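Here the structure comes first, spelled out in structure tokens, and everything after it is commentary.
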Amino acid sequence: MSNRTIYVVSDSVGETAELVVKAAISQFNGSSEQTNIRRIPYVEDRGTIKEVISLAEADGGIICFTLVVPEIREFLIAEAEKANVVYYDIIGPLIEKMESVYGFSAKYEPGRVRQLDEDYFKKVEAIEFAVKYDDGRDPRGILKADIVLIGVSRTSKTPLSQYLAHKRLKVANVPIVPEVDPPEELFTVDPAKCIGLKISPDKLNHIRKERLKSLGLNDKAIYANINRIKEELEFFEKIVGRIGCNVVDVSNKAVEETANIIHNMMTKRV
């Protein structure tokens, strides 16, 4: 391919059209260095279309476009043909084919692919919430959360929080340590929102030893000591008993399995 300009015209951002053009260009050796892509977004008037056609006519460029408003699309096609400018309609024929095959009527509204729905924003918000209120960083998150996970170290609190966040649930998690008093919010929040993550001493002992090894540390450290683990789990049992919340045994469960159990529990509650 010799040096040429491809004009990407869109009534929205033009990202979709540019990606298609780049995919096509990639099929030609060395073409990415020889081809200039010029994106013209948010085209809604005939004047802009005439300007682009004049540019393409002058330098022998190609116009690739995603224009969903029929009048604007038809105008570009008509003007390009008058000027003998090569054009390619990326989305129009597909919309028309889908209307013909499925019997649906298109909305013909620019930018719909970027009109992110409420569901998407809820997911993003939940993920940000999980990060902000991870590992008991801010106890205020306990009262704002849909779910509060509590458990000793290495009971998958953080990955569970993130997994559930992708289901649009705001999750805070709180570590339970005998030497640290749990935040008072744990005892004022609705117990039905709290889930205790239970684990067997032997399983936790194995997990912690593997964790220490992965960090290059001695697996005989107090962190993986079975007596210390039993002490932590006894303290955990006292806390969940005081809260009066449900408990899920995570001993031999994958994160996905535990998350689905918790999700189902919350769904039934609602």
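Positions of Cβ are set from backbone N, Cα and C atoms, glycine also.
Summarising the annotation, Swiss-Prot assigns ADP binding site to Gly151, Val152, Ser153, Arg154, Thr155, Ser156, Lys157, Thr158 and lists sequence analysis as the type of evidence.
Features recorded in Swiss-Prot, as mapped to the structure shown.
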residue: Gly151; record: ADP binding site; CB count, 10 Å: 27
residue: Val152; record: ADP binding site; CB count, 10 Å: 23
residue: Ser153; record: ADP binding site; CB count, 10 Å: 16
residue: Arg154; record: ADP binding site; CB count, 10 Å: 21
residue: Thr155; record: ADP binding site; CB count, 10 Å: 26
residue: Ser156; record: ADP binding site; CB count, 10 Å: 20
residue: Lys157; record: ADP binding site; CB count, 10 Å: 25
residue: Thr158; record: ADP binding site; CB count, 10 Å: 17
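In sequence order, Asn173, Pro175, Leu197, Ile199 are the residues of the same chain, not among Gly151, Val152, Ser153, Arg154, Thr155, Ser156, Lys157, Thr158, whose CB sits within 8 A of the CB centroid for the ADP site. In the three-state DSSP scheme, Gly151 (ADP binding site) is classed as strand.
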